[in-house]
């Protein structure tokens, strides 16, 4: 029986033939002759003998009858794959179906080995990843980070060349020096948007977006892979939180909040020049110049034809449905957009996933927005150019237009939310429970948090093809903060033990004009920091919680990790979650004022009846849910800030009920870099 961990080796060196050595210990797949592509048929055995002599392990591949892969092979090996393109999703869905229907790990390994050299490498990575995440016999595997198999999505072409040079020239991997990523490679300080390079180009932020779309694919052969609990609402909330976090960073850099891209006829003011090469396509990601206008896209090779008028029509129909309070399914039956399920239905319509009740009527709005922008430089394929970074889930967040587009998408969701009745005091209160105070402490300072720059290394060797083996480190500079802890004082004045759900949010106190924020504005900038359950016997209690325990984030080591020490991370199998080092905004050198909000709600009302102890993932559930489980909170995502405030609660102070508390917190940024000192010797 095959060792299922060998399946992970198929992600290594994605453009090299499958019979080449894989993994840190030089594992070789013993590939049947019939599985070798025509190109390598004559030399495969000769190469394998050479490679096998230095390898530590050989993996026998069982020869089986291979299913028809022709659908998934329609996309060329050197073309660009995009989950936003329906034709590409169909190809991926076909391959996912083949992978998930294999009866045993042996059969899965055989068909994956066969497919690997025949289908597009990125499509293969996506399909195998989705299959492994959802097969009962492989869902506990630790998937390699996408950055370590496709480093070209995360570093510029100059750095990629330097890494190849380091790998080729310095034979002994222990003597190789890290290749340092520049912080100024996409634009100069003349570009105001470049102040946010550390957010848009952050490794963990972009990995989060890619991994979220792996866990929540838009389309799949088995509806259960897509139809996860509150999937549409999660699409709304995860992206809403990205915009809230982005706006906090903009305020940290003396910039106005992002303006929604709500007029498709207007030019896109911001250009973007990614400076990245696609290893699969062997060409550069195309730039977008300032003031580029969107055009109808007609690219028959991608079975793609979508126009500005299509987008406007879909938008009007979605807004009409929101204002009417219902959508129509394919049988012309009404589906009510109620308080509980309405946002979930809208999420599946706007994205749009396989779960949309009527794709003919409401279209593919969000996905086609990505596509129109991604092909704005060559909408008719006249110049044979591939899509820009907005066409790829792993690169889209690098582009300033991503945030303007998603700010507009969020406005559509907020239109629905504003039509819902505000929460009244009795819906927000927790009888007999009072939050007396909250404070944060970091480095001995109370209610003061500090951010700074930090260097960290990522081993990207397994994404560098056709170069000598061994570790090749990329060194990134990223935002970091000192750890902090919450101290919450709560009183339970009843005579019974109560169970509370602690909800912690953070939002700027002043707007971009330095004026106090009204709650209707501020609630849209509330960033969720944590959510957890507490037990409160009668009396007074002090609750403490460390920032590293956040329900929003995945551990720092999950982003910056050693490829050969994955056993240390077996408790963090999902990989979906916001990066820990980006938990709080950057702040300013002089300090930026935020309001820290805590609410203790009634867990007996909020809890979902299920067991989560053995779900096999870190509990970064706020943005990603729980694998194979219901979302662990009955309340709407973003509660209590997902609706407009009740009358008389124009500011946060007036919104508070006894089970809530808020305090001012100052975030200060120190413009210094904590450098790594471990430098291998050249010998």
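Going from the start of the chain as shown, residues are counted 1 onward.
Placed from the backbone N, Cα and C atoms, the Cβ positions cover glycine too.
Keep in mind the model is a prediction, meaning the values are calculated, not measured.
The C-beta environment of residue 351 (active site, proton acceptor), restricted to residues of the same chain at least 6 apart in sequence and closer than 8 Å, consists of 218, 232, 235, 365, 366, 367. Feature annotation from Swiss-Prot assigns active site, proton acceptor to 351; the stated evidence is similarity to another entry.
Annotation source Swiss-Prot lists Cu cation A binding site at 209, 213, 239. Mapped onto three states, the DSSP output places residue 213 (Cu cation A binding site) in helix. All protein chains included, residue 213 (Cu cation A binding site) registers 19 other Cβ atoms within 10 Å of its own Cβ.
Long-range Cβ proximity for residue 406 (Cu cation B binding site), meaning a same-chain Cβ under 8 A and a gap of 6 or more residues, is found for 239, 242, 243. The Cu cation B binding site annotation in Swiss-Prot covers 366, 370, 406 and rests on similarity to another entry.
Feature annotation from Swiss-Prot assigns disulfide bond to 574-617 (among others); the stated evidence is similarity to another entry.
Using a 10 Å radius centred on the Cβ of residue 576 (disulfide bond) and all shown protein chains, the other Cβ atoms total 27. DSSP assigns residue 576 (disulfide bond) to coil, not to a helix or a strand. Taken from Swiss-Prot, the feature disulfide bond applies to 576-624 (among others), supported by similarity to another entry.
Per Swiss-Prot, the feature N-linked glycosylation site maps to 358 (among others); the stated evidence is sequence analysis. Counting only residues at least six positions away in the same chain, the Cβ atoms of 327, 328, 329, 330, 349 sit under 8 Å from the Cβ of residue 358 (N-linked glycosylation site). The secondary structure of residue 358 (N-linked glycosylation site), as reduced to three states from DSSP, is coil rather than helix or strand.
Per Swiss-Prot, N-linked glycosylation site is recorded for 492 (among others). For residue 492 (N-linked glycosylation site), the count of additional Cβ atoms within 10 Å of its Cβ stands at 21 [all protein chains shown].
DSSP assigns residue 546 (N-linked glycosylation site) to a strand segment in the three-state reduction. Taken from Swiss-Prot, the feature N-linked glycosylation site covers 546 (among others).
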Same-chain shell around Cu cation A excluding 209, 213, 239, C-beta within 8 angstroms of the CB centroid, reads 208, 210, 212, 235, 238, 242, 393, 396, 397
Neighbour count first, Cβ atoms within 10 Å, every protein chain included; then name which of 209, 366, 370 tops the list of binding-site residues. 370
Distance from residue 209 (Cu cation A binding site) back to residue 492 (N-linked glycosylation site), taken between C-alpha atoms, in Å: 40
Between residue 209 (Cu cation A binding site) and residue 370 (Cu cation B binding site), what C-alpha distance do you get in Å? 14
Here are the recorded positions: 239, 546, 624. Which has the lowest count of other Cβ atoms within 10 Å? 546
For residue 576 (disulfide bond) and residue 213 (Cu cation A binding site), what Cα-Cα distance in Å is obtained after rounding to a whole number? 9
If I take the Cα of residue 546 (N-linked glycosylation site) as reference, which of the recorded positions 213, 370, 624 has the closest Cα? 624
Residues other than 366, 370, 406 within 8 Å, Cβ to Cβ centroid, of the Cu cation B site? 239, 351, 367, 369, 396, 402, 405, 409
Between residue 624 (disulfide bond) and residue 213 (Cu cation A binding site), the C-alpha gap once rounded to whole angstrom: 10
